[in-house]
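If you check Swiss-Prot, you get these features:
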type	residues	note
ACT_SITE	Glu559	active site
BINDING	His558, His562, His565	Zn(2+) binding site
TRANSIT	1-28	transit peptide
Amino acid sequence: MIARPARDVLSSATKKQFRFRGCLAARHEPYHTSTSRAGQVAILPATTDDKTLVSVFDSPRSNAKLSAFATTGLFNHSTVTHPRALNSIAQGTLIRAHVLTNRILRAKESREELFKVVKNLDRLSDMLCSVIDLCELVRNSHPDRAWVEAANDAYEGLCQTMNELNTHVGLYDVLKIVLSDPEIVKSLSPEAYRTAMIFWNDFEKSAINLPAKEREEFVALSSEIISLGRMFLEETTAARPPAKIPPSDLAGLKDKGMGVRLQLQAQFTQRDLHVYPGSLQAQMIMRSAPAEEARRRVYIASHSSTPEQIELLERMLSTRARLARLVGRESFAAMALDDKMAKNPTNVARFLDSLMDRSRPYARRALRNLSMRKQEHLHTPPFPTIQAWDRDYYCPPEPPAPPIPLPRLTFGTVLMGLSRLFRHLYGIHLRPVKPIAGEVWHSDVHKLEVVDEERGVIGLIYADVFARRGKASGAAHYTVRCSRRTDDDDVQGDNDELTRMYPDLIKQSEEFEAVGRGPIPGLPGTYQQPLVVLLCEFARPSLGAAVLEWHEVMTLFHEMGHAMHSMIGRTEYQNVSGTRCPTDFVELPSILMEHFLNSRQVLSLFHADSTSSSSQPIGNHDEDPCHSIDTYAQIMLAALDQIYHSPAALQPGFDSTRKLARLHDEKGLIPYVPGTSFQTQFGHLFGYGATYYSYLFDRAIASRVWKDVFSSSPLSRETGERYKQEVLRYGGGKDPWEMVSALLKAPELASGDAEAMATVGRWKIEDEVGLPGRH
């Protein structure tokens, strides 16, 4: 059965997906913002906790070392003090999972137990997930190879059990009994019923109701897809042969640094210059070579593939299609979209067609402007065709910049701004605390308590933000522990002879699971406290505080959007907590956070002493004239993803390159370049097969939410509270269409049908063309 990955980031294409993984503070009176004289918005002053973020995170730590005398283990698990502990905990967890599985299988013998099946399935999922997610984090961040290897071993063993549970006929049969019983179904809360249906749908996707031979084929095909996908991902970054550039084509390079050096090299050797795709030289030539032929050669070299690379991709696509046909679906897209907001490929097509129709005029206008630049440069007849290799030369990509002048933003300053923003919106702030010796895996790692003004500490964030050898690249939000209600677990009912045979292993597993539990003021029962890790690769400062580039500030806001979703989405079932929601909904909170950086009022929060700010909106300070071209290119990629995962993948003679060329011929604005095959570098085809539209989709919704809900008063507690109550608090425990419909007061969206998808497509261009351009 399939579950939401713990790492929520679009680039996490290599991550497996699982379903069966699967302290109180003083109470404060709620804060309220107010508007003072016209044009000014009153801002809550920075608190001591806010200012402490700056001093703690901006203090030099380059020489800091972890204590050799640990008093606790990772994430305050007292038993996780040594790599071997991961193996012991994994073994104990597997035993307990086996016992709980047997209990669920026996539930058909007891009506009382049938009422507990959904809860126990979620417990089983969480029991395994909690260890898998910890191991996943260790695999990607720990500097000690012994820890990484131990995490890998534990991870693989637990995943094997997951795969067995994914196709467990007995569990499926018990759940079928539960969902066929009107009395039991009526007793389930909406959140519990949604959890049950998630398990049911994932079982159905796993060929659970097919004969044994077909189930074996399903497992074999699934394993083959994973293997092909890994090989495909390796090839997406494989070196391509160099472009050979004659010295004469390097004349007039606009770059006076590297360009001059290349010209001198070519003059000295009198040989063709070999330029490797992806290199700094290749990027420089695409941006600054007046000679079109030089750019054409680099472009073709950068988008070339070997026959073997193309064949590998097409094997992966056809194997996915065979898997879908095995379970009775027309295509892999139909199978993948069944539990998404989009529901089916037809609805995705409506969204993308609507998006294309609205985006095309703006992209054409931008291309016409580039054509005029090309005409002036080459002295051609009017409006020469813009080719794929012209884009960066006539409109060089620029790094994103803040919409208004700002002082240098240190990491601590940005965290202070985020804390102040969360206080305005949700009555929540960030409080730095010193980790106990042994609690973190590197001296760079900081610990933050997430503090609610009424409920005290509601979660923990560990921030590991500086690049280092062996650490995963990119930025990501890892969910290490999910919210879940635990006081009604009925652990006593798990008693089994097996647990008495391995008391030490069972004890370790139970102690591991018990960490982070406690009451929540205002709610009945006991809950697991969510714990997330923020991994980034910001440049480590050689001296003083880390100063962030604007794109890094945007990244931090994005990832903290995921973190707040995890903190506020305190559900009773871990399978729907926080970011455990559909792929085409999970990016909404994180993308929405980026929009706040377009507000003067929010930007003023980076100044510790600010108490007021102009409420005047920021205009199009630096609108990128080519932004619409890039947006259209993203829509084309999403359309290509749908084509590749359609029934066409099983047609005789399926040719992925021909499909790419045909898409460009029918809907593209820049001509396809014969001989190129970019699709072999489109890594998201593996990790986000048939769902690449999701990022565009959530961008569209976030744009509308910002425009209609937040833009006029981005620091309003009333508005923030409405967003928290209508969206964030549910995690994945409610239909996303119902959440969006309620938030936007648009009841026509609630059904989430094809027309709703088309409506969202129309939002995209209406909002985005007015936003400052970002590359």
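Yeah, the Cβs are placed from backbone N, Cα and C, and that goes for glycine too.
Quick caveat, the model's predicted, so the values are computed rather than measured.
When the alpha carbons of Glu559 (active site) and His565 (Zn(2+) binding site) are compared, the span between them is 10 angstrom. A 10 Å cutoff on Cβ-Cβ distances gives His558 (Zn(2+) binding site) a total of 20 other Cβ atoms nearby, all chains included. Between the candidate binding-site residues, His562, His565, the densest Cβ environment within 10 Å is the one around His565. Its Cβ taken as reference, Glu559 (active site) is surrounded by 23 other Cβ atoms within 10 Å in the chains shown. According to DSSP, His562 (Zn(2+) binding site) is assigned to a helical segment.
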